[in-house]
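Have a look at the structure below before the remarks.
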Amino acid sequence: MQVDFHKMHGAGNDFVVLDARKRALPLAPARIAALADRRRGIGFDQLVLLQTDEPDATGAADVRVRFFNPDGSEAGACGNASRCVGRLLSAELHRPAIRLRTAAGLLEAVADTDGTVTVDMGAPRFGWDTVPLAREGDTLRVVLDGLPPELPPGAALSMGNPHCSFFLPTAAAVDPVLVGPVVERHPMFPERVNAGFAVVEAPDRLRLRVWERGAGLTLACGSGACAAAVNAHRLGLCGRAVTVELDGGVLGIEWRASDDHVLMSGPAVLSFSGRVELEEFAA
Ligand SMILES: N[C@H](CCC[C@H](N)C(=O)O)C(=O)O
C-alpha cells in the first residue's frame, strides 16, 4: 500500500505524519518501529496519525490525531506534533485556528503567519492516580529509590501523558542518557514516564532536556516543556510565563491563571514530503 507522508519537526523533535482520514492504514506496532528506524526506515521521534473525528464526539474537531512512539506505544499527548498538525491543517483549511481531538482532549492550535504555532494544551492533572503513580503520594515530591543521590525528588503531572520533572543545580549534575531510562521504567510509574531534567536560569527561563518515554533523548519535548514550566511554578521556582530552552530550540509556555490551561508556542516545520510502500515494513 503506497502512502504519502509529511516529515515535520518542532524544535528538532521530528515526526512522520500519515493521513488515515480517507482509509485505514495497517500500522501494527512492529511496522511503526520499522518505519521509525533511522537507517532502514524513514526515522522519527513519533508517528502522527490523522483520522476523521469520531461522529458522536462532543464538540466539533477538525481532525482526530494519535501519536505513536518508535517502540510502537501510543501516547495521549505530543505538544510539538500538535503544533505541526496545526500548521498542516491551517494550510489545508485556509484558516489559522484548528481543533484537534486527542486522547488528552480537544486542543486548539493557532498558526501564526510567522511560522509560529500556539497550542492550548489544556489543564495539567496532578492527582497521583492520574499521572499515574504506582501508589498514593505527593506528586510535587516524588522520591524514587535506587536512583543516584544527586537526583532530587521529582515533580509529576499528566498533560495527557505522564511527566516527571527534576530541577537540578546545573545541567551537568545528572546525565539524562544514563538516568533517563531508569526513571522511564521505574516501578513508581506503571505506565512509564517522560523524564525532564531542568535548570532554572531565571524566574522566566528554564533549560530542559527530556528523556522521552518510548523514544529516548529527543531534541525537544513540547508536553515535557509544559510539564517543567508548570512544575517549576508549583515549586515556586518560576513565574507562570517562561521560555524553555531545549537542545533543538526554544518554546514559550504560559500556565494561564484564568482557566489553568497551558499555552505552548513554538516552531512547526515541514521538512519534506514523500511516499512509502507500507508492505516493505514489518507487518
Ligand atoms: N514520548 C511521549 C510522547 C511524545 C511527547 C513529545 N514529543 C512532545 O512534544 O510532547 C510519551 O510517550 O508520552
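The backbone N, Cα and C atoms fix where each Cβ goes, glycine too.
Taken straight from TrEMBL:
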ACT_SITE  C78  active site, proton donor
ACT_SITE  C78  active site
ACT_SITE  C221  active site, proton acceptor
BINDING   N13, Q46, N69, G79, N80, N161, N194, E212, R213, G222, S223  substrate binding site
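Highlighted in sequence order, D45, F67, A75, A77, C78, A81, V210, A215, T218, C221, G224 have their Cβ within 8 Å of the centre of the Cβ atoms of N13, Q46, N69, G79, N80, N161, N194, E212, R213, G222, S223, the residues recorded for substrate, and are not part of that set. In the three-state DSSP assignment, the secondary structure recorded for the residue listed as 'active site, proton donor' is coil. Proximity to C221 (active site, proton acceptor), defined by a C-alpha to C-alpha distance within 10 angstroms, is shown by the following binding-site residues from N13, N69, N80, N194: N13, N80, N194. The number of other Cβ atoms within 10 Å of the Cβ belonging to the residue listed as 'active site, proton acceptor', over all protein chains shown, comes to 34. Among the binding-site residues N13, N69, N194, R213, S223, the residue whose Cα lies closest in space to that of C78 (active site, proton donor) is S223. Working note on the binding-site residues N13, N69, S223: by count of other C-beta atoms within 10 Å of each C-beta, S223 ranks first. Summary for the binding-site residues N80, N194: the Cβ-based neighbour count within 10 Å is maximal at N80.
When every Cα pair among N13, Q46, N69, G79, N80, N161, N194, E212, R213, G222, S223 is compared, the largest distance found for this substrate site is 16 Å.
S223 (substrate binding site) carries a helical DSSP state (H, G or I). Note on the recorded positions C78, R213: the fewest other CB atoms within 10 A surround the CB of R213.
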